[in-house]
Amino acid sequence: MGITGYFELQWKCLIVVALRLLFLVPAGVPARSGESYLKDNITVRQGDSAVLKCNVDNKVSRVAWLNRTTILFTGNEKWSLDPRVVLLNTAVTEYSIKIINVNLYDEGPYVCSILTNKKPESTKVHLIVQVPARIVNISTDVSVNEGSNVSLMCLAIGRPEPSIFWKFRSSKGDGKGNRIITEGEYVEMTGITKDMSGSYDCITSNDISPPDVRTVQVTVNYPPVISRARSTGTAVGQKGVLWCEASAIPLADFQWYKGERRLFNGLNRVKIENKGKQSMLTFFNVSEEDYGNYTCVAMNTLGITNASIILYGPGAIHDVNNAALLPTSSFLLLTLVLTLSVLCKF
């Protein structure tokens, strides 16, 4: 600091002492001599502007605004270095300041000190700053195997203290699983099931602004479950289609067998087409040799299952619901071999 700056600082200190001696700027708190008036608290939202008003008359000889022990304005002279604090040109009976883009550091007591006919007066105002609720930390998306334990976390800040609750949205998309599941920062799930897979919305609010919402995606991995498989009747020479559907995460890989012989796409006049959860075995020109029992095998890294499906001709005695989810005795060995190959592969 240069000599000029030093003397300027000393001069301001002397002015402060002089003002205190005049009961205009008390040390630390408003003047204890004279009259003091307490106005209502002023509440503003963080980022908004606050206007602090002070009523004066033509008998006032000196006036100043203070924040704690800091002088903001004395008369029309600005002492504060904060560009957000400005003096308003209002009516002659009003000495008001405006704080732009209010933040938490602005909260606290403000005093308008007035000297009238050598008699000091002060008006006290307490500024309260409210902060909209905001999520500051939340769990990342998780992928777990069925049966695992899962803990989700969501932390929020705000003034007043925000509330937090969790809403679950099922990955099935049917709307039936949408519900509020708990309140608080944490969600604890023990032995998670595939039905608990979906979106978990953390919602926080303190009524200062619209709620803040963040989402954690929970993916539950589980072995294939064949949900639909139906036998089909087709005449010789016609096109026949067998299909099966399996739910699984990760998605299942499909294989087709007739007896213990695996079928491949494009061979023996058949086409195998896998689309998401479904697999279709298409016969373009059904022959007598094509009739019989077929097995749809669904597998992923967590397990393997199969269903038996029949392609039959007109007049054949059959059970249209014979999508046997239990393996035949001849298929048990094949299932065991496939299971071991899947486990060795992954």
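The backbone N, Cα and C atoms fix where each Cβ goes, glycine too.
TrEMBL annotations:
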- 1-30: signal peptide (SIGNAL)
- 30-126: domain 'Ig-like' (DOMAIN)
- 132-219: domain 'Ig-like' (DOMAIN)
- 223-310: domain 'Ig-like' (DOMAIN)
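Per-residue pLDDT, averaged across the domain 'Ig-like' (223-310), gives 92. Summarised by DSSP class, the composition of the domain 'Ig-like' (30-126) is 3 helix, 51 strand, 43 coil. Helix first, then strand, then coil: DSSP counts for the domain 'Ig-like' (132-219) stand at 3 helix, 54 strand, 31 coil.
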